[in-house]
Structures are given as C-alpha cells and as structure tokens.
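Under the heading transmembrane segment, TrEMBL lists A:7-31, A:51-81, A:93-115, A:160-177, A:207-225, A:237-253, A:258-277, A:283-306.
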Amino acid sequence: MTEALDILLPILAATLRLATPLLLAALAGLFSERAGIVDVGLEGKMLVGAFAAAAAAAVTGEVMLGLLAAVAASCGLGLVHAFGCITLRGSQVVSGMAINIIASGLTATLALAWFGLGGQTPPLSAAARFLPLSMPGAEILAGIPVLGRLYASLVGGQTALVYLALLLVPVSAFVLARTRFGLRLRAAGEHPAAVDTAGVSVTRLRYAGVLIASVLCGVAGAYVATAQGAGFQRDMIAGRGYIALAAMILGGWQPGRILLTCLLFGALDAAAIRLQGVVLPGIGAFPVQAIQALPYLLTVVLLAGFMGRALPPKASGQPYVKER
Amino acid sequence: MALPDRAPAAIELRGIDKRFGAVHANRAIDLVVRRGHIHGIVGENGAGKSTLMAILHGFYQADAGTILVNGQEATIRDSRDAIRLGIEMVHQHFMLVERFTVLENVMLGAEGGPLLARGAARARAELRRLGAEYGLGVDPDARVADLPVGAQQRVEILKALYRGAGVLILDEPTGVLTPQEADDLFRVLRALRDQGRTVLLITHKLREIMAVTDRVSVMRAGRMVAHRDTGATTPAELGELMIGRRLAAPTPLPPMPAGPLLLEARGLSVRDKAGVERVSRVDLALRGGEILGIAGVAGNGQGELLEALAGMRRPAAGEIRLAGETVFPAGRFDAALLRRKGIGHVPEDRLRSGLLRQDNAAATAILGHQDDPRWRRGGLLSPRAMAAHARRLMRDYDVRPPDPALRSALFSGGNQQKLILGREIERDPKVLLVGQPTRGVDIGGIDAIHQRLLAHRAAGRAVLMVSVEIEEILALSDRILVMCGGRIMGELAAAEADERKLGLLMAGIAQEDAA
C-alpha cells in the first residue's frame, strides 16, 4: 500500500502541477473563442507572461510584481490581437501566429539585452517565486496513514496558482452559463448580429473576451516561470499553448470537460517525465516522445471518432461586419 | 381600432435621404405611420424599402432628414436608440442564436440584472402572458435550432414584444413560410394592432398587403411614389405604381403538343455531406414542350434535387435518364458531362455557383463552357472572342450595362440572372434546369426572364423550374410537383392547382388528408 502510494503520489501531484498552465491557458482560449475570436496566440502570450514575470521578479524580488508584470505584458499582446481582429477585422489565425512569432523573438532578445545570460533571466530566489503552500492541519493529519499523506502532498503542497486555476473552472462555468455577461459573450461568438440588433456592442464583448484570455495567459506564463520554474528560459512554454488549444477543443468549449482533458494531458506529461530513461526489456530506452505526442494524437483521434463532433462557437473566427 | 387622425403619428419620416456610394437608395422619403395601424410598404427588390427600415431601426443613419416618434423628433444612431424608442424589427434572416433556448434569446440584451436567474423568472411569466394574449405559444426551454421556421419567427416577435415594442417592423416575413403559416402570422399582426401597437410590414407580395394592411405606401427606385388606404386601392393599381407601368394580366400558357420524354428520374435519393437524406426516392418525368414546376418551402430538398439532376451532386440511389440514355448510374457522372449531353443549368444560388463574382462579365458569360472552341485560340482563352460573345449575349438578353469588362458582382440581380440565363439557353439545351429564376430580380426583369423560359418551352425543349414563389410556379408551369421533407408530396396539373392546394402540400399534408 505505502509502496504503491510512493509511486502514485508523486505522479498525481506532478499531474496537478503540469495540468495547471494548460488549464489556465485553455480557459483563456475558452473565453476568447466563446466571444468569437480564435486564439492561436495562447503560446505567445504565455511566453511573454513568463518572461515578464521572471524579469520583474528577478529585478524587484517580489513574486506578486512578477505576476502583475506577466498579466500586463500578456494584455499588451492581447490588445494587439484584438485591435487586428476586431477593429481592423483581420485574420484571427494570422494575427495569432504573428503574436507567437513576435513573442518568441522579443523575449529572447530582451532577455539577452537586459540580463546578458544567453537569453535567460537570473535564477529566482525563494521570495521571488510562488512556493508550495502547506495545508492547515497537515501535521495533525500526518499520523493517519494514507489520508495524511494525500492531504499533505496532493490536496496541500501546491502553489497558490494551482488552487486559483482549479477555482477558475466552476467560476468560468458560472459566468458563462448564469450571468448576463456570459450570455452576451456566448451570443457574440454564435451570432454577433443578434447581439448588435439587441442593442449590445459586439466590439466591446469581443474585446472583453480577448482581455480575459490575456489575463489568464499571463497568469499561466507567470506560473511556468515563477512557480514551476525558477526563471525564464528561451521558448520555455514549449508548445503548452498549442496543447491547451487542443485541450479546449477536446473539452468541447466547456469548462468542466476542459478540466478533465487538462488533467489527462497533465498525467501524460507526468508519466513521460517519470518514464524518462527507463529501459524496457527488448525495446531499449522508453520512447518518451511517443507520450509527448499523445495529446495531439488523442485530440485528433477522439475528435474524429469517439466523441462525436465538437461544435465550436458558430461565428468564431469570423470578423463581425454589418451587412446590407 | 385605429385612433383618430389627430393623434400624433407613431412614426413620421421627413425628407430621409441615404446614399451608398453611387447608389441613391432613399431620396427625400416622407412617410406617416399612424399608431394602431398595420402599414404596408411595397416595392420591387432594390426599391429602397429595406434601407429605409434599417435607418428607422438604427442599423444605418440617414444622410439627411428627420425622424419623429410619437410626434417627438428622435435621433436613432444605433439599435439601442431604436429599442429605447420602442421600435423593434423582425429581420428577414432571424437574429436568433440557434444554440440558445427560446428564453435565452428573448432575454439577450434585456436580461434584467447581472445574474440571469432573477430576470429568467420574469421573462418566463411574460412569455406565457404574451403567448396567451397573441397566440404566440412557444416552449421557452426549447432550443431554437430544433424549432420549425414558423416557430422561430414567433420567437422573434416575442423577443420584440418582450422589450416593449410599440412599433414592430417586419421585413419580408413570409418568404420562409407556407401560405397557412403566413395566415397565422397575419392573425398575430391583427391582434397586435387591436392592442394598439403599430406594425410596419415590408413586402413585395401584393396579396399580403391586401390581406392584412390598413394603409400602404409604395416605393420605386428609392422614392416614395404613393400612399393609399388599402380599402381604396387594388392589386393592379399597386402593381402599376410599383413598376411605373401597366402590368399584363397573367395569360394561360399556349398549348403545346406532348414532346418526347427528355428527362426521367426514378427512385432518386440524395444525401448531404453529413449523410442526411435530402431527397427521398423521387420520381419525375419531363417531356419536350413542357415546364415542370417544383414548389416547396425553401430547404425541402428542391435545391439538392436540382443539383443532382445537373450533375453537381452524386445521387445516393436511383436512376437518371436523359433523352433515353442512362446517365446515372453510369461510369462518369458530373456536371461537365451532363452539359455536353444537353443539360442547361441556372443554379439556385447564382452568386455562389452561377457566376464569377470577382471576375468580369465576359468570364461569367462562358463559365462552364470554357472549353468551347469558339473562344479558344491555340489552347488559350481569347479575351477578344470572350468579350465578343458576352456582348452578343448582353444584346440578345438585354443585360445592362452591356459592358463585358464590368465585374460580375456589380450588375443588379436581374441583369446577372439574364446573363446566366442567356449563357445557358444560347446553347439550346434539351433540358433547362432553373433554380429560383427570379430571386432578387426586379419586376421588369422577372417578366423578361419568364418570357425566355416560355420561349424555350415553345421551342419544344423541356424546362424544370424550382421556385419558392407560388405565383411564379402557377404562372409558368404545365405541371407542378410539390416537395416537402425531400419527398414529392403530390403532383398537380396547372389547371387544377391553386394557392391553397399548393400550400397544404408544401406543409406536408397529402392530398387525401386534405380532402
């Protein structure tokens, strides 16, 4: 029992840690797409957020300033996306890809110019990072064999941003389904002309959706650089933005299902790390890349066959133009 | 019912003017709409009706002129202003979010607070009340996508009433309805009027004006040309006012001897991409010297049937014979082959598949016949030969302006259609397939197009015409097939057909049931 727990607990805890940035970014994509703006720029906004968080935290030594800087930087890029897609009615995919490319180059260049460490930020001290929180009463419960350990290192022992991300799932669901803002946001993504003729501004709703997405991407970036890691490294988001996009699609644009897919992808990632260097009899070193490719494969296969068709918001990707 | 004339008008427009670039859509429009009236606005397509209503609803702003609502001068900059003034519009293309429930659609923009729960209770009660009062019953929890078109339109009206519409504008509301559904709509409109609300009905169908309005205004070419009390006018007078000249009374078709069997389909079924059966086991036969009309509410499989017969869609089952030769099932089946074998096709959606919008008229004039040696020079297309051909077609079919270099998209609907029709008829096809021959075409153009179809019939060829316009079907067809839900509901000879019989069949009620 304890042996199984010894193996399982770290994997479960790692799953939560690895799923968090995916979850934040996938919820970001959710708010943007529900408003009708496709966001392939999740990756770039996370990267800029990660860099801003690490840079600000390194300079000030304050983790919260790092978080604020991440959100601000991500919102800056988000506004560029919004201006291009909503105000100028440009192509949303092209704008998103441009953001990813800009972010990749900009962060590396600025890091080199400011810190001169080969494109990294200086390693962060403990005060400049999000640290795992211990749950109240963990010591008391530590005596109980299984529960105690579960409580200490799975329920507890995570950084504040992990709890924030989890909390955002029911909050997002509530906002979308039960509030005036959510109703209008969803309508803007389904049939913007209906929103317009109801006397509500489509432009404002879509800007709001993109900005919410930017805030969440900023938090996700800060998490990667200042909670999961201890500083910024070149291209450190490493495709998480795209995996989050896949999680959002596989999650059918629904917060609850997005949580499940993010946990699944997080578990795959945790397993891949765990299996790194493990030698299988007859095969040799375990092919970790196979597991890393699984999220993409799963998305394609599950969407194609087993889950039926996922229905994106009807008007997502289409600029809103008043027609005659 | 109607208030005395001294009461301020619900809506008064003075000197409304609107241009879109070179198009002068509204010229110095004056209009008085009395409260508690159903006021009709008629005019041909392109007469400026929709633009005028869009100005009233805040979708566009007038370049000049004033709007008075209940005697007060009003500024309407956007839909929000219009809604505040109690002016609501039921659009031709519904402004409903299909994936939302009826309740959510009704609440959108009038939620009654940041959380939905409280407003929802109020909306539910109000929907029940309005439903009972006006005969507009709809399940508030049904998803709009699952509702039939008639019910969706009721949702649109409910939405307007929920926001307190004093003036309700309906833009071509019956285009998607069967005649029976249209009658239901008219009952609702009368109930609204009797409660003191004002209804503005925009239409190009004179039958509707005569059936339901109190007063009617006629627009032509961007101007308001006449106002009449409905009781003091006739369809003939309105028709003349609309087009500015006298309309010929419909004449019965000259008899034609039965020609050879030219097109035959047996058990023809067509599925769409999702695998849904759109056409179910359709049998039809078409002889030379005959026009076969296919009637039905839009979207009941007529379009798919037409595309299958034209070779644009591969049928799922059945047989098609063209002048005695089996063309399906056969090795090759596509539009190019069928055209070579004598099919001409004027597609339903002319902008999507009838012409090259961004290319010039000369290109549109050879579309589908680009391999013809007449405009080929050494394997390449000859622009000069194409232009000469286009000029000839434009002269013969009265396409204006007769300029082969003009972009196809810039012609009016009627002139685009005449060009396409010319292109197809010029090759003298054994069977001419025509979808919605006069959709978006003005009255003058309609007449010219109808004459062309009749001439093709008189030449002993066969014409298969799909149309949602019942008047057109009745005026041109020798025989009429009515489709509903992908099936042929019944066949009527022209002599025994009338609107009522067609309407019942279009609604899916078979002849035996109706009797």
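Note that Cβ sites are derived from N, Cα and C of the backbone, with glycine treated the same way.
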| query | Under a Cβ pair cut-off of under 8 Å, which of the recorded stretches A:93-115, A:237-253, A:258-277 contacts the transmembrane segment (A:160-177) most often? | reply | A:258-277
| field | In contact by Cβ distance (the transmembrane segment (A:7-31), the transmembrane segment (A:51-81); 3 or more pairs under 8 Å) | value | no
| Short question: which residues 6 or more past the ends of the transmembrane segment (A:93-115) have a Cβ under 8 Å from it? | 38-41, 43-45, 47-48, 50-51, 55, 58, 77, 80-81, 84-85, 121-122, 232, 234-235, 241, 317
| query | Cβ under 8 Å to the transmembrane segment (A:237-253), counting only same-chain residues 6 or more beyond its ends: which ones? | reply | 21-26, 28-30, 33-34, 39-47, 50, 100, 217, 220-221, 224, 259-262, 265, 295-296, 298-299, 302-303, 307, 310-313
